[in-house]
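Undergrad: If you look up Swiss-Prot, you'll see 65-203 marked as domain 'Flavodoxin-like', on the strength of sequence analysis. Marked as FMN binding site by Swiss-Prot on the basis of sequence analysis: 71-76, 118-121, 154-163. Residues annotated as domain 'FAD-binding FR-type' in Swiss-Prot, with sequence analysis given as evidence: 236-453. Sequence annotations record features per position, and here Swiss-Prot assigns FAD binding site to Thr324, Leu358, Arg392, Leu393, Tyr394, Ser395, Thr410, Val411, Ala412, Gly425, Gly426, Ala427, Ser428, Tyr604 based on sequence analysis. As annotated by Swiss-Prot, NADP(+) binding site applies to Ser524, Arg525, Lys530, Ile531, Tyr532, Val533, Gln534, Asp566, with the evidence given as sequence analysis.
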Amino acid sequence: MLLKELSSLASPLSQPQVEKLKQLTAELNAVQLAWVSGYLAATANAPGNLAQLAPVSDAQAAQTVTILYGSQTGNGRGIAKALAEKAKAQGYSVNLASMGEYNVRQLKQETLLLLVVSTHGEGEAPDDAIELHKFLASKRAPQLSNLHYSVLALGDSSYEFFCQTGKDFDARLSALGAKALLPLVECDVDYEAAAGQWHADVLTAVKPLIQTTANVVALNDTSSALAASESEFTKQNPYSAEVLVSQKITGRGSDRDVRHVEIDLGESGLCYEVGDALGVWFSNNETLVDEILAGLGLAADTKVTVGNESISLKQALLEKKELTQLYPGLVKAWAELSASPELLALSGDKEQVRQFILHHQFADLVANYQLKADANLDANKLVELLRPLTPRLYSIASSQSEVDTEVHLTVALVEDEHQGQARFGGASHFLASAEEGAEVKVYVEPNKHFRLPEDPQTPVIMIGPGTGVAPFRAFMQERVAQGAEGDSWLFFGNPHFEQDFLYQTEWQQYLKNGDLTRIDVAFSRDQAHKIYVQHRIKEQGQTLWQWLQNGAHLYICGDAERMAKDVHQALLAIAVEFGGLSSEAAEEYFETLRSHKRYQKDVY
């Protein structure tokens, strides 16, 4: 078989391994290829490797539990790793892998498959899961009558397509003849309890199907290697860092408050790569908590139980409970507690609930929808009603090659006004209000799907309006440290040039030094007709298409709801106009770029 024809479907290699092999061999001459061929043949025929290549018996295969995860953040991976550890402790052989590293040709050999998968954007599969998701939906997918499976779906009920990817996997596996060990488990953002219960239930369901032995060795289990590379500080055990700077970087006349935040990681040993995110735990605003307590007529010092702790109600609302983000279940529960005709009517319409959630907080429910006389909502019932506080993720705006033990963020203060009452985002207000020396609990959330090219000579195109420019500041710091000679192109947009040009002097310095090849900006409200980044992209379509033909990697960061979609449509239009592609071929072209890691998005 010619190497150019090689694919993961025609070999025992995964698609990422195929791409690495193609990249390596493309750089070798005939003599070098011959030497590598001999080396690989000798390695493969070594006694130890021959033993590893021996076929697995049916009995051995039947005793292996394959656990696959697909998640845009680390939540799915964490759940899968914890399940793998519990399964190994019970004597099961475990194959733990990311869906992105899994060879789909192996699927028809599986007998026990446990999936943990999140949903990204509007019902889309996360990057890790795309290839497996597509394979199962294709005509190439095999019948799976020998397979038992279970799916844990992660999602956010405030979005329309809640847990859609998990639903897709469950439906497709069933259609292919696989047998469900358990009904599909759908988890909201407060997934910990449901995931823990699934661990227990699925291992109980697996037990009658396989034999265990105390001496079983886990096969292809990468969880130990993963754990070794991770810091001791995690989402569950964050590092108490110090805020060094929280500086407004929009002008006095701007209607947006955007902060440049610098945080000292000190002696934590926390490391990050450009493209990663920082998880930030925060406390709710005390004024907001006092307003809620007064509105409900509850005493701040009333003792409540949260988990295994007995704390005051006020402390629970400050530190443990989500107050600034509503979710459908809470709106529906409050409709029943208040018996409000408006809320009751609204709660039956998913789209109306979604719109309501976007513009209201829990304090608005308390203020505007009074509880009915027999609601009987005491302090403990209140904390049970509210879901746990969750950290917020911010794209990191710095490279450790330049800032060492610091980490920088670009934070837009989320603020709104409802019936004359100011409302702020929980984490953004916490960071915007933080004074020098304040403590903030943080952890690094890796994002391997938003990485610079391995070769610093590769051109990059960066599209980041608003705070979406944050990771590209990190990209530029890293490329300067690398001495990268590849061209770089930034598209940036915001309302006004004078008020909202984030990091303007830094971009100008990069241009002057030749580190940034070009920048195109769109300031939407500086002229009568609004101009956005997608318009600039279309204007530069011929040049941008040429960059892509020359191997450029394309990155988008920022708003998923509108910007990323509009930019994608602009890119498709360029492929049609300047590449001569049909609409279908243009979609396929960018899908190919994505699968080759040349089209990456960090959208939210």
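Using N, Cα and C of the backbone, Cβ positions are placed for all residues, glycine too.
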Undergrad: Measuring Cα to Cα, how far is Gly74 (FMN binding site) from Arg392 (FAD binding site) in Å?
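TA: That separation, Cα to Cα, works out to 13 Å.
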Undergrad: By CA-CA distance, flag whichever of Thr324, Tyr394, Arg525, Tyr532, Gln534 among the binding-site residues is nearest to Gly121 (FMN binding site).
TA: Tyr394
Undergrad: According to DSSP, collapsed to three classes, what secondary structure does Gly426 (FAD binding site) have?
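TA: SS state of Gly426 (FAD binding site) = helix.
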Undergrad: Among Arg392, Arg525, Lys530, all listed as binding-site residues, which has the most CB atoms within 10 Å of its CB?
TA: Arg392
Undergrad: Just to confirm: which same-chain residues, 6+ apart in sequence, have a Cβ under 8 Å from the Cβ of Asp566 (NADP(+) binding site)?
TA: Tyr532, Gln534
Undergrad: Cα-Cα, whole number of Å: Arg525 (NADP(+) binding site) versus Ala412 (FAD binding site)?
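TA: On Cα coordinates alone, these residues lie 19 Å apart.
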Undergrad: Is Val533 (NADP(+) binding site) helix, strand or coil when read with DSSP?
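TA: Val533 (NADP(+) binding site) sits in a helix per DSSP.
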Undergrad: Starting from the Cβ of Tyr159 (FMN binding site), draw a 10 Å sphere and report how many other Cβ atoms land inside it.
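TA: Counting Cβ neighbours of Tyr159 (FMN binding site) within 10 Å gives 18.
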Undergrad: Around Tyr394 (FAD binding site), how many other CB atoms lie within 10 A of its CB?
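TA: Tyr394 (FAD binding site) is surrounded by 26 other Cβ atoms within 10 Å.
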Undergrad: Please give me the CB contact count at 10 A for Ser524 (NADP(+) binding site), counting all chains in the structure.
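TA: The answer is 17.
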Undergrad: Since the record lists Ser71, Ser118, Thr324, Ser428 as binding-site residues, which of them has the fewest other Cβ atoms within 10 Å of its Cβ?
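TA: Sparsest of the binding-site residues Ser71, Ser118, Thr324, Ser428 by Cβ contacts within 10 Å: Thr324.
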Undergrad: Between Val533 (NADP(+) binding site) and Thr324 (FAD binding site), what is the CA-CA distance rounded to a whole number of Å?
TA: 30
Undergrad: Taking DSSP three-state, what's Tyr159 (FMN binding site) in: helix, strand or coil?
TA: coil
